[in-house]
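Novice: According to Swiss-Prot, the protein carries these features:
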type	residues	note
REGION	1-211	region 'DHBP synthase'
BINDING	R37, E38, D42, R150, A151, G152, H153, T154, E174	D-ribulose 5-phosphate binding site
BINDING	E38	Mg(2+) 1 binding site
BINDING	E38, H153	Mg(2+) 2 binding site
REGION	212-418	region 'GTP cyclohydrolase II'
BINDING	R262, V263, H264, S265, E266, Q283, E306, G307, R308, T328, T363, K368	GTP binding site
BINDING	C267, C278, C280	Zn(2+) binding site
ACT_SITE	D340	active site, proton acceptor
Amino acid sequence: MIETREEVGSANFVSLERAIEDLRAGKFVIVVDEASREDEGDLIIAGEKITVEKMTFLLQHTTGVVCAALSQERLLSLDLPPMVKDNRCRFKTPFTVSVDAAHGVTTGVSAADRTKVVQLLADPKSKPEDFISPGHFFPLASSPGGVLKRAGHTESTVDLMELAGLQPCGVLAELVNEDYSMMRLPQILEFARKHNIAVIPVTSIIAHRMLSDRLVSKISSARLPTIYGDFTIHVYESLLEGMQHLALVKGNVAGKSNVLVRVHSECVTGDILGSKRCDCGEQLSSAMSYIAEKGTGVLVYLRGQEGRGIGLGHKVRAYALQDNGYDTVDANLAMGFPVDSREYGIGAQILVDLKLTTIKLITHNPQKYFGLQGFGLSITERVPLPVRISEDNEQYLRTKQERMGHWLDLPCCNNRVQ
């Protein structure tokens, strides 16, 4: 019997090419995301192919919150701003103001009225005056860079439309069971078989774009002698936001299999100032030392990911909250941020540019492990590093293990270092 999610998926997913052909033909496809993310399936159809009959089908089998994913440029041209200035949604779902068609509709909520607004959103000749807000339909703004920047259903939808040569407007809604609980993969696949709908994982779109798109550019390289030995340092610039990232390479890694890799998020307080609140500086030092000892490997240093993506100022505010009894998870949530908002597409592209395909990843973080796999890299082994508990970081580390699922295997408290 097939039991694991990976086995179930691989036995039932169709090719990306088949899904693209179905979209061109006006058919539905289903995109499922990672189990570590929303773990849901969205029913998707091209905006320009929508009909009242197909909208009715969407409404009957989903939450009823039907959305249209469009590029940010298109939404700007239609004068549709974000719904809120401070997006506190767990996955930063990029809603704009809700809309109805300005003319030719009744209440705006019927299948016919929603079809009308989708047709307008998909029509490149539509203008801002063709819409009114608030309404009953929810446009979503796809991130520049698509699934390589954010591996969500919004970006998957727009990327699929562009790959199919259609207008960059797709309709999507989340599949639910008859009791309105969310469909998970087994139920999604059963539904797809019943209605003859193609199912693909978001990872298939990511893998395709990883091979066809280039979102980082190497701008300089040099020899870098360090206290751990000689490395070659490469500076990469993201073509998405202009941030410059680093790759420290030990030995000849191009084309090699099972290369030792550490993808490290910038932490000024831990990496530079020696903060005892976190284990970031120790992880960085241990990883560089271990790579140097093995003689071959890569350390990717991702800038702009301070405090699991919330920025230095907010991270220090989180420290103050922790001093008043919050743990690292609740501190982020109290400030309106996700527990961990980092994405790893740029890091993956740097590794691919270094001609890596299979890696041994130095990490305790399941989100990083699965995130890098989702970006087209094959992880053949996870390499843990020793974790040292101190009085200052004990609660932080235990929270990462108990509430964030990190694979730390913490020793008991009497192994605490001073």
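Numbers run from 1 along the shown chain.
Glycine residues also receive a Cβ, built from the backbone N, Cα and C atoms like all the rest.
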Novice: If one looks at the chain holding E266 (GTP binding site), which residues at least 6 apart in sequence have a CB under 8 angstroms from its CB?
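Specialist: Same-chain residues close to E266 (GTP binding site) (Cβ under 8 Å, separated by 6 or more) are Y301, L302, R303, G304, Q305, E306.
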Novice: Looking only at DSSP and grouping its letters into three states, which state does H153 (D-ribulose 5-phosphate binding site) belong to?
Specialist: helix
Novice: Have a look at the recorded positions A151, H153, C267, C280, D340 and say which one has the shortest Cα distance to R308 (GTP binding site).
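Specialist: Nearest in space to R308 (GTP binding site), counting only the recorded positions, is D340.
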Novice: Of H264, C278, C280, D340, which is closest to H153 (D-ribulose 5-phosphate binding site) if I measure between C-alpha atoms? They're all recorded positions.
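Specialist: Sorting the recorded positions by distance from H153 (D-ribulose 5-phosphate binding site), the top entry is D340.
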Novice: Where C267 (Zn(2+) binding site) and the residue listed as 'active site, proton acceptor' are concerned, what is their Cα separation in Å, rounded?
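Specialist: Cα of C267 (Zn(2+) binding site) to Cα of the residue listed as 'active site, proton acceptor' measures 14 Å after rounding.
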Novice: Taking just the CA atoms, what is the gap between H264 (GTP binding site) and C278 (Zn(2+) binding site) in Å?
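Specialist: Between the Cα atoms of H264 (GTP binding site) and C278 (Zn(2+) binding site), the distance comes to 13 Å.
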Novice: What three-state class does DSSP give C280 (Zn(2+) binding site)?
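Specialist: It is helical.
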Novice: Counting across all protein chains shown, how many other Cβ atoms sit within 10 Å of the Cβ of R262 (GTP binding site)?
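Specialist: By my count, 25.
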Novice: Pick out which of the binding-site residues H153, R308 has the most other Cβ atoms within 10 Å of its own Cβ.
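Specialist: Result of the Cβ crowding comparison: H153.
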Novice: In the predicted model, what is the mean pLDDT computed over the region 'GTP cyclohydrolase II' (212-418)?
Specialist: 89
Novice: Taking the residues the record says bind GTP (R262, V263, H264, S265, E266, Q283, E306, G307, R308, T328, T363, K368), how far apart in Å are the two Cα atoms that sit farthest from each other?
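Specialist: So the binding residues stretch over 23 Å, Cα to Cα.
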Novice: With H, G and I counted as helix, E and B as strand and the rest as coil, say where DSSP puts E306 (GTP binding site).
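Specialist: DSSP call for E306 (GTP binding site): helix.
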Novice: Would you kindly give the Cα-Cα distance separating A151 (D-ribulose 5-phosphate binding site) and D340 (active site, proton acceptor), rounded to the nearest Å?
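Specialist: With the alpha carbons as reference points, the distance is 14 Å.
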Novice: Write down the Cα-Cα distance for T363 (GTP binding site) and C278 (Zn(2+) binding site), rounded and given in Å.
Specialist: 15
